[in-house]
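Below: one structure, written as structure tokens.
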């Protein structure tokens, strides 16, 4: 089973690919996709999708794990995040991947045991739970790894 974890964002999206063979988890890859706020939104969305499409084609995931969003007090920010999620979900659908959504607190609780854990705690724990993640220093990538981990553990794949 190969999971593509996605921490959705318009400005700086985190992604990670984690595989499970029998009971062992293997970190395969991760990265961030940065877009510039000065670019047109449709170009930013197209750029995100072009990178994620390359990841899907290279690693052939079976399922995508994506973070559920919460409504921000800033309506514009929430709307832009919704655009990014919609574009990502469209890509997931185009490649006929299964998709699971997880609330941020569920991911935090699964990875750290505490539903209100901070970014540093998540980063610390993924390095202990999944070999090969030692070099991850970016919280967006760490969140994506945590999403993939949660999917594999919570859904018992």
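Glycine too: its Cβ is placed from the backbone N, Cα and C atoms.
As written in Swiss-Prot, here are the features:
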- 7: active site (ACT_SITE)
- 67: active site (ACT_SITE)
- 140: active site (ACT_SITE)
- 7, 140: Mg(2+) 1 binding site (BINDING)
- 67: Mg(2+) 2 binding site (BINDING)
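Spacing of residue 140 (active site) relative to residue 7 (active site) is 6 Å (Cα to Cα, whole number). In the three-state DSSP assignment, the secondary structure recorded for residue 140 (active site) is helix. Distance from the CA of residue 67 (active site) to the CA of residue 7 (active site) is 6 Å. In the three-state DSSP assignment, the secondary structure recorded for residue 7 (active site) is strand. Sequence-distant neighbours of residue 67 (active site) (same chain, 6+ residues apart, CB-CB distance under 8 A): 6, 7, 8, 101, 102, 103, 104, 107, 143, 147. Around residue 7 (active site), taking its Cβ as the centre, 24 other Cβ atoms fall within 10 Å, counting all chains.
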